[in-house]
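Q: Got a structure for you, written out below as structure tokens; questions coming shortly.
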Amino acid sequence: EENGHQNKRLKRDADEEDAEDQSKKSPKRKIVLLMAYSGKGYHGMQRNVGSSQFKTIEDDLVSALVQSGCIPENHGEDMKKMSFQRCARTDKGVSAAGQIVSLKVRLIDDILEKINNHLPSHIRILGLKRVTGGFNSKNKCDARTYSYMLPTFAFAHKDHDVQEEVYRLDKETLAKVNKLLACYKGTHNFHNFTSQKGPRDPSAKRYIMEMYCGEPFVRENMEFAVIRVKGQSFMMHQIRKMIGLVIAIVKGYAAESIIERSWGEEKVDVPKAPGLGLVLERVHFEKYNRRFGNDGLHEPLEWTEEEEKIAVFKEQYIYPTIINTEREEKSMANWLNTLSIHDFNSSAVGMQANNKNSKNSSDLEGSDGCDDDSD
């Protein structure tokens, strides 16, 4: 028995020595990982340590990092030890094609292949770059670009268009959608587009660089379109509410003047579109790239070489999930039925009741979030 204990102790000591040798061979370095994932079935990106009830993307990522030997197990339990930071805290059900996380890892051989071997196929690490020691993917990010894929019948006028999947978006309606989306460009007070800010909170002001809807396309006999929005940062639910309000106007539930009114101090009833179609497309590091991208030591955080892999991942995992879920669960169709409950003319009166009714259909879906102060 004593010999057994001694052998175990010797084996443990040898394992520790091996780990130490491995650590010396592969010193820890600060890197960023380019991630793509389909968010369906996950309670967002950010890990809730100690809560196994709600599975997140980071649960699977950290497990893969430990199993591949990039990080020691205790770094998985305390993520501060590896200086982990995600660029955007996407919420329940939201997907990503260009999420960035920064962390310190051991740069082992075939690192990407080894991490991906321990990840499910709907989560992929598509790229890796070395960065400066003090790099933080959240703080160094200048802007985020999201896309929102939706069936075009969302824009069918409530009184004189077919509301079903046979609807096709005409050029005049698309032009109207784009005229309304362009109203969001610039700096505005978005306190009505999140539940967490008052009208005089300085952080409710956000800068939108671009927002437009692309040409429609047909998938499996249903027509879809993709809205793209680039902004410095977004508050919780902000993108979904920006899109929800435009849909309400185009369908004929609300007057165009409501957008202008929503910048003011009064509380305006802004509907929140479903989370299903929301995808974090890419994050931008323009200032970092100017300073360090050509210093001879670091690469610029651009992913031109990975773009084909990103496109393939979207076609394989993100778009089919959005299309199939819309067909099976009818999240957009069900949400459109709640628009008539909203009171677009009054300010705060009756809004609480409306919010209660609309919660059931949209809160299950997920929300945009960029891990800024407001999420």
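Just so it is clear, glycine is given a Cβ too, placed from its N, Cα and C backbone atoms.
Note that TrEMBL annotation is computational and uncurated.
From a predicted model like this one, the values you see are computed outputs, not experimental measurements.
Positions annotated as active site, nucleophile by TrEMBL: ASP91. Annotation source TrEMBL lists substrate binding site at TYR146. Per TrEMBL, the feature compositional bias 'Basic residues' maps to 1-11. Per TrEMBL, the feature compositional bias 'Polar residues' maps to 351-364. Look at TrEMBL and you will find 365-375 tagged as compositional bias 'Acidic residues'. As annotated by TrEMBL, domain 'Pseudouridine synthase I TruA alpha/beta' applies to 184-286. Residues or ranges marked as region 'Disordered' in TrEMBL: 1-26, 351-375.
For each listed feature, how buried is it and what is near it?
A: A sphere of 10 angstroms centred on the C-beta of TYR146 (substrate binding site) encloses 25 other C-beta atoms.
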Q: Please report the Cα separation of ASP91 (active site, nucleophile) and TYR146 (substrate binding site) in Å, rounded to an integer.
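A: Taking the Cα atoms only, ASP91 (active site, nucleophile) lies 13 Å from TYR146 (substrate binding site).
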Q: Including all protein chains shown, what's the count of other C-beta atoms within 10 A of the C-beta of ASP91 (active site, nucleophile)?
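A: Here the count is 23.
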